[in-house]
């Protein structure tokens, strides 16, 4: 091999070695040769992510030994297939009322303890009574010792009947919720008659709740017959309730907020003022909710409240006589004492 | 000859050494070209559209496009062009995972147009940065679902949960679905959110101007600027933009709220098989019309059609009933123009401004 050939081979070999190396490195470092990275999504595997859907159990018990009482329930729905009694509901504006099953835990407890339960269901298409005619509700209340209602909108004459009933030792359990504030025009009249208040909006809690931010826990404000044995209860889409008497029974747990203000709230969700108990929720007595925490205990206590009254239906009229004590100041029953009137 | 004299003066080993040095210098000139050719340097930013209702069809396309981008050596970065108020949870999760994988391999920038909320936000969260316009809408991290309700017993199914679960079990499932979403967002952007998890779970939406301050977005910028950022992160000095359309043609499916649930409608004249209930959804409901609203406009449309023949209705749909005819003409004119561009360039309406060689 002559000198020129040797030098040419050296040049080509060097040139090829360098470019071949560059090509090889380029190939090895090409994107397609990279191994796809392993993705770790531990947040999907967190054991706390899966919520416990165990329904729970309910045992509604009454402690009262009161003689048989008659409890009238107005579920806010007519008898013919659950059409709401509120005429506005026919236009899609009214609340749905409470179905039979929604009050079954309370009703069953009353029946099992020997009390009579009647359901007030207005006749479909019934015309409102004249000024001097008794209302159908008034006639039913005249035979009752206690009244449970899920309605908030009544005719003026019916509101007077309820007010008279409460003034004459009848115990009233009023269950309302935030929906009524949006679609029922007359709730304030009943509130004024019974001396209670509600607020627009609902209470929610983003951290301490029962499976949904609107299913808030409420805790006793102080020891009382209504909250005896209750540690916490669940209210769903509950609206704050109030009264001019300082006797809140259940307040939302820490961290609860009001939807209309987005601010913390401690306003009560259930109050007791003499002859009236008002709850800012109409769902807490349903079979499913009765099984959550201490809702069953509360329902039992409310059943006791209804039957522990001093009303004598045969002697005390539902009509207003004009000289009775105002609602909230009934004759104190043995286990549900009269609330103190407001000072000043 | 002087050259021969020099060579003669050198030994053979010295001559070879000189040739090797010269060969090395010459080869060095070609090394970048050869290396670049074999390593196939990326010079394309893929713009993947995520528009309309988030459903299986959209997730199929987005997954396919992102997979192609990852396996195409010429694609060095991806920009997600988002305009969606969300949709199905599973479809949202599929896109989330696909974007997450892509983001692990190359720069991914999300560019929000009008809205990227709920399931749309879920999908884009793993992007390296979220670009918004000042009036874009982002957020709505949460679940849409009706309150569970007990139903009368149904005779015949093989088990009690076959035709509907227990009310409490449904509440638990819905809360798990909601937390799955929130937890994923906290994992992806928990360091950026200027608020605790509890407030994120409020599922609020934010305008772009607010989102860049509370961590729901990173930058105020247009699609062009997002593309530039993606290219810059990938180290591209010169790059091309390749826009990838996804999902169904037109604006279908559309979401509609009813009193009880959300439904996805897959046709302007839907049959039974083209209406899909969505019991659970990751959707910003503020962007979803109620069926009553649609029926009100559809009634006007029908009346116009009865009076004006088959050309009526466009004005009503665009919310302009008084001078609908003229407005419709203008819209049609503009549509013709853009159609012309589309045919010419083979791109979508937005594509021309992004196509071709772009230098930073």
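Using N, Cα and C of the backbone, Cβ positions are placed for all residues, glycine too.
Curation plays no part in TrEMBL annotations; they are all automatic predictions.
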- Task: When you get a sec, could you say which of A:49-68, A:69-88, A:89-108 is annotated region 'Disordered' by TrEMBL?
- Result: A:49-68
- Message: In TrEMBL, one of A:271-307, A:308-344 is tagged region 'Disordered'. Which stretch would that be?
- Response: A:308-344
- Helix, strand and coil totals (DSSP H, G, I; E, B; other) for the region 'Disordered' (A:49-68): 1 helix, 0 strand, 19 coil
